[in-house]
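What TrEMBL says about this protein:
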type     : residues : note
COMPBIAS : 22-33    : compositional bias 'Acidic residues'
DOMAIN   : 105-163  : domain 'SIAH-type'
REGION   : 1-33     : region 'Disordered'
């Protein structure tokens with residue numbers, strides 16, 4: 001259930017019109033009279049009433065109803081093979097246009113309004129915006145630290161919070177050595193620049209390695225590409241590399257083994273070693289690159 005503190009005002013739309021009086025012999029014969037309708041508004045405390053009762057996601061056009069008045073979103077109607085989950089009558093043919101109008105008329109703030117975002121959206125569309133909101137909170141990757149803040153504030157916090165700092169410089173190869181048991185190595189661009197988290201996940205077959213930038217998915221914010229390479233201790237003949245033209249951005253590090261966008265290092269490459277000796281080159285997308293340090 002949505003937080004009842006999200007009070008919505010402005011359900012009905014307002015309108016205004018002008019009435020022009022006809023010419024009379026009176027001195028005010030050409031006066032214009034403007035009449036404005038009073039704005040009607042209301043308050044909705046239970047926002048979940050605007051969610052599909054089947055999937056619990058925000059209702060979006062089209063909204064369908066059965067003959068008994070039960071409603072469902074179009075996706076659920078398809079998944080349920082047009083059978084109402086409440087009464088088993090057919091559903092998916094007749095639209096509930098009034099509910100569609102109600103959902104679109106309810107205006108809600110961005111979930112990050114308390115952090116400074118002033119954007120407003122029709123109910124449900126704020127969740128799409130939230131993923132790309134520049135006011136989205138990012139979380140400190142240091143173990144035991146619960147700090148969360150805007151990305152620029154986080155970068156400044158991390159520099160002051162962490163005693164063991166590792167740095168990267170765009171366009172330059174840097175060493176990324178980490179013990180597998182540590183699970184994470186954080187690199188920072190300069191003193192208070194963006195944070196890049198290199199994580200490793202040990203599984204039965206080997207070690208999965210990921211590279212992510214801690215930042216919201218906002219255009220123009222911390223957009224990087226990277227190339228990661230690993231050489232076994234047996235020699236340069238056992239070398240592998242992995243890179244992405246667009247580094248993934250995350251707001252919080254996750255310690256669940258990834259299912260995509262990773263470099264896999266099999267155990268025979270490790271030769272019993274408990275650490276990873278890697279090199280990484282991070283580049284800024286869409287900007288001038290510094291000359292690579294070779």
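Cβ from N, Cα, C; glycine included.
Any TrEMBL annotation is an automated prediction that lacks curation.
Quantities reported herein were computed from a predicted structural model and do not represent experimental measurements.
Across the domain 'SIAH-type' (105-163), the prediction's mean pLDDT works out to 87.
Secondary structure of the domain 'SIAH-type' (105-163) per DSSP, as helix, strand and coil residue counts: 21 helix, 10 strand, 28 coil.
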